[in-house]
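What follows is one structure encoded as structure tokens, with my remarks underneath.
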Amino acid sequence: MHPTDDQHDVALVLAGDTSAFEGIVRRWQSPLINLAYRFTRDRSRAEELAQEAFLRAFRNLSSWRQESAFSTWLFSLATNLYCTELRRIPPLTLPFDDILEPQHPHNLAATLQQRSEDAALHRAVDTLPPKYREVLLLYYFQEMDVPATALALKLPAGTVKARLFRARDILRSKLQPVTPRTPTLRAKETA
């Protein structure tokens with residue numbers, strides 16, 4: 001997927017060819033649903049929120065300033081929608097994933113330990129205050145860098161870095177008593 005694909009489709013939609021929006025939906029549907037799922041932990045609700053994000057994007061397409069990537073604009077719009085929706089209706093509690101049977105029986109203990117740590121991490125992320133959770137989700141789970149996260153959330157880069165630091169600190173303190181080997185969210189190289 002190239003930025004020019006988005007630019008081309010946006011230009012077509014703005015010129016009146018609304019069918020060109022289908023290309024945008026095809027390219028970005030999975031990433032938006034995945035982002036919404038990280039916020040809601042409910043697949044059905046995530047799909048509804050992604051659909052609403054696309055509707056808002058379509059209605060506001062002319063507001064995209066091409067000085068930033070289309071994906072940044074779209075994720076910013078979606079993140080704002082998801083955060084607003086979460087304030088209105090909080091997410092469901094994260095269920096434990098089904099334990100997959102390991103390929104080798106001697107790996108059972110390691111598999112169970114990893115699943116337990118992963119579940120603890122997800123529960124801890126879900127309990128973070130929204131301002132920390134949204135930064136963490138975009139940075140780690142959507143793999144946005146600091147400038148893109150800052151742009152998506154309309155925050156200074158320094159604020160994003162500070163919130164990432166604070167989120168990691170909160171998670172560390174929440175996870176310390178739970179697991180002997182705390183799953184880590186390592187700081188990526190921040191620009």
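Using the three backbone atoms N, Cα and C, a Cβ is placed for every residue, glycine included.
Predicted, not measured: the structure shown is a model, and the values here were computed from it.
If you take every residue in the domain 'RNA polymerase sigma-70 region 2' (24-88) and average the pLDDT, you get 90. Taken from TrEMBL, the feature domain 'RNA polymerase sigma-70 region 2' covers 24-88.
Feature annotation from TrEMBL assigns domain 'RNA polymerase sigma factor 70 region 4 type 2' to 120-168.
For the domain 'RNA polymerase sigma-70 region 2' (24-88), the DSSP counts in helix, strand and coil order read 56 helix, 0 strand, 9 coil. When the domain 'RNA polymerase sigma factor 70 region 4 type 2' (120-168) is classified with DSSP, helix, strand and coil residues number 40 helix, 0 strand, 9 coil.
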